[in-house]
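**Student:** For reference, TrEMBL lists these features for the protein:
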- HIS445, HIS450, GLU504: Zn(2+) binding site (BINDING)
- GLU446: active site (ACT_SITE)
Amino acid sequence: MTASIDSETLKQYLADDPPSIVNLAIKPHFEALSDKEKFYAHHLSVACFTGSRIVLRQVSPESEPIYDFIVALHEHIAGDYAKAAKDAGISQDDVDAYLNYAAQFLGNMGNYKSFGDSKFVPRIEPSKLKALAQLSSATQRLYEQFENAIYAGNDIAKLHLGYPSAGHVSTYYPESPDITKEDISGVSDFLEGKRLLPENTRIRQTKEGFEVLIASATKHPWAAERDLEESEWTLPDGKKVKLVFGDHNKEMNFIASHIGEAKLYAANDTQVKMTEEYAKSFLTGSLEAYKESQRQWIKDKGPAVESDIGFVETYRDPHGIRGEWEGFVAMVNKERTEAFSKLVEAAPKLIPLLPWKAEFEKDTFLSPDFTSLEVLTFAGSGIPAGINIPNYDDIRQNIGFKNVSLGNVLSAKAPNEKVPFIKDKDVDVYQKYRDPAFEVQVGLHELLGHGCGKLLQETAPGEYNFDIKNPPISPISGKPITTYYKPGQTWGSVFGPLAASYEECRAECVAMALGCDFSILQLFGFGDGKEDINGEPGDVLYSAYLQMARAGIAALEFWDPKSRKWGQAHSQARFTILRTFLNAGVEFCELEWKDDDLSDLTIRLERDRILDLGRSAVEEYLQKLHIYKSTADYDAGKKMYEELSNVEPFYENKVRPAVLQNKQPRKVFVQANTVIENDKVVLKEYEPSAAGMIQSYVEREWL
């Protein structure tokens, strides 16, 4: 059954008018590189962007032809949209509506928001878009492939990414409208038992059973090159499971060849080994080779050109285990990195301040590389402010990980940005300190949030990484723990679709708790390390708490009342933290309004109660998040997290409409290209406009 969509609901799905288009400024950092480093950056950048077509395929069936249409139309009209309007017999407003959609589409690399996983549809009327399409036979042909899919249709479930069996869209399960959640679990669990990693796979249902599509340049890798020698099995219910190599084979081949080119300009042996393992993985589909590339990547400390590439984050697979393509190339900002380096040095002293004992912490903190980067290229569906990877637990626990803060993403500002829900008396402090507060938050979140904690495991039958005869005492129950990870289980496989949001929440809470430590604020250049809630360090801390509370309110944009599900991992996390602030009592935090429609909604947060009421509420919540994760206690973790995530009638019917009235467009970034001219690599930048954004993609002709 499909539900028709009323015009009021449809408004939420219209493309931003206009989107907030900003440049990813990089020139001085790129120009500071040597010629050799520029060539290394160039080839990796091409490899990253080549995967953009894979991202399109991972978003929706119509995304790839829409992309091709945007590029083909721009080429046909040579970027002259005023003339295109005239030739097509449509108005400038119509063309602007098309351009706004195109910019948002390219900024999200698909027609679903990278932050929120909901579809956005053009404001240009179908007949006017058709008129544009008729300007050339190429655009007409492409238009026919998506004309019925680019708009909202009448099935609201299809406006959200999710399990196909729930009526949602997911191209991680292509051409499989009837595949059930149980089918996906069955195949995924079977392959987990075989120790085949899932990040570079998709699953297609067939008459006989299921094909597991593996991203690789070659369609027939030798058995010795594969992670499993076998490639076909029959499940107990008689259904067949078959590995099919060569998914995205054209792109994977081109990516591997440019990684091979980058290897010629590697700065050291570690980069050579890393690029070799990348190439091996992308050619053969081996994720064991990919894991080896990540081990080498972690060893490559503080390079001039930093880069990682592959199927990384699993947020958008409804099952939470298959990775979206992403790749970045960036330059180190030495000055900002210094503050983060001090945080890394202080980490072993800071972790014991967290609300659990040493048994629930890694035996030794593996000091990671933490750098502030200026991004040249970020290919994927969206650009985060910070990254902590790799996501493989065994590598993280035994070798380590890297943290990066993306400086030019953090500092990018759109003109005239509004800040709803902040009281007038707080606006000046908030505006002045939100960037430094966010930088501290990102640093603590990525380094200590994602970086802390031990998973209690039976690592092999009868072998444990804790004392099974005298198990650790849970600080929640006061009794010995009874749950832990069994052989072959990972954090992601036990917590499933809940894992991504839950872990983001745990990391955010670590940052909110440790952000109250004035010695940490001193590392970032605020104060002398002594408690000073009313001075500048207090301004940073207050801004951080206001920012989190505000993010918790704004998060409701990404909760869908029809499916009653959260479309974005970080948003769900921030909503639960807002609820935690409010649960600390009106002496600490309260939502305030006078108008019935909550159009004047603001946050009252008592600055002088952050250190007692705020911190203790966050730490109590954090302790539970951490212990349930550490001990594989999925049932208790799920119950607590879903209770706090539950959007009660007040939030659904009162707060959410006020949020939608005040919602601000998310930034989309226009990125530079690198090109080889006269044996030199040069940077080419573009206008921060829709046409500039489209031109930057048109000039990536290999895409």
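Cβ coordinates come from backbone N, Cα and C, glycine included.
TrEMBL entries are annotated by machine, without manual review.
Structural setting of the listed features?
**Tutor:** For HIS450 (Zn(2+) binding site), the count of additional Cβ atoms within 10 Å of its Cβ stands at 22 [all protein chains shown].
With a 10 A radius on its CB, GLU446 (active site) counts 28 other CB atoms from all the protein chains.
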**Student:** What other residues of the same chain, not counting HIS445, HIS450, GLU504, have a CB atom within 8 A of the CB centroid of the Zn(2+) site?
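**Tutor:** Near the Zn(2+) site, the remaining chain residues are ASN388, GLU446, GLY449, GLU503, ARG506, ALA507, GLU508, VAL510, ALA511.
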**Student:** List the same-chain residues at least 6 positions away in sequence whose Cβ sits under 8 Å from the Cβ of HIS445 (Zn(2+) binding site), in sequence order, or say none.
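**Tutor:** Listed in sequence order: GLY386, ALA507, GLU508, VAL510, ALA511.
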**Student:** Just counting, how many other CB atoms are there within 10 A of the CB of GLU504 (Zn(2+) binding site)?
**Tutor:** 21
